[in-house]
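Please read the structure below before turning to the comments.
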């Protein structure tokens with residue numbers, strides 16, 4: 001007879017949640033939680049590659065608020081990779097990949113994000129299954145289950 005596991009059950013997320021990207025000073029941005037997408041993505045524009053002490057970096061800007069051009073946040077990050085990613089419309093695109101801390105509710109952990117222009121998409125960020133793996137259960141009937149960082 002197997003013993004019952006003493007593990008804490010995973011937290012639940014809805015199909016959309018507030019996320020933070022602490023390394024960029026971004027406390028809250030709406031994100032789509034998408035288990036159909038392998039990789040996470042953030043809206044980035046004016047993406048520029050540059051060398052810093054022999055390492056490849058990218059600079060880019062983020063508009064964290066849906067359908068708004070302000071605020072505009074300047075970011076820099078080391079390049080982790082460049083990958084071919086097939087978007088939901090079936091088009092393949094080579095994207096920069098960065099690693100940065102992702103915050104949902106009180107949880108913070110390192111995650112990979114591709115940089116792409118999401119101006120025409122409903123959300124400025126998409127959190128894919130690789131970032132969510134072994135951390136959360138997704139309830140597609142719910143939204144904003146985890147609190148924003150700014151909420152007490």
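Placement of Cβ uses the backbone N, Cα and C atoms for every residue, glycine included.
Caution: TrEMBL annotation is automatic and unverified by curators.
Given the structure is predicted, the values throughout are model-derived calculations rather than measurements.
Taken verbatim from TrEMBL:
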- 13-148: domain 'Retropepsin-like aspartic endopeptidase' (DOMAIN)
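The DSSP breakdown of the domain 'Retropepsin-like aspartic endopeptidase' (13-148) into helical (H, G, I), extended (E, B) and coil residues amounts to 7 helix, 80 strand, 49 coil. Per-residue pLDDT, averaged over the domain 'Retropepsin-like aspartic endopeptidase' (13-148), rounds to 92.
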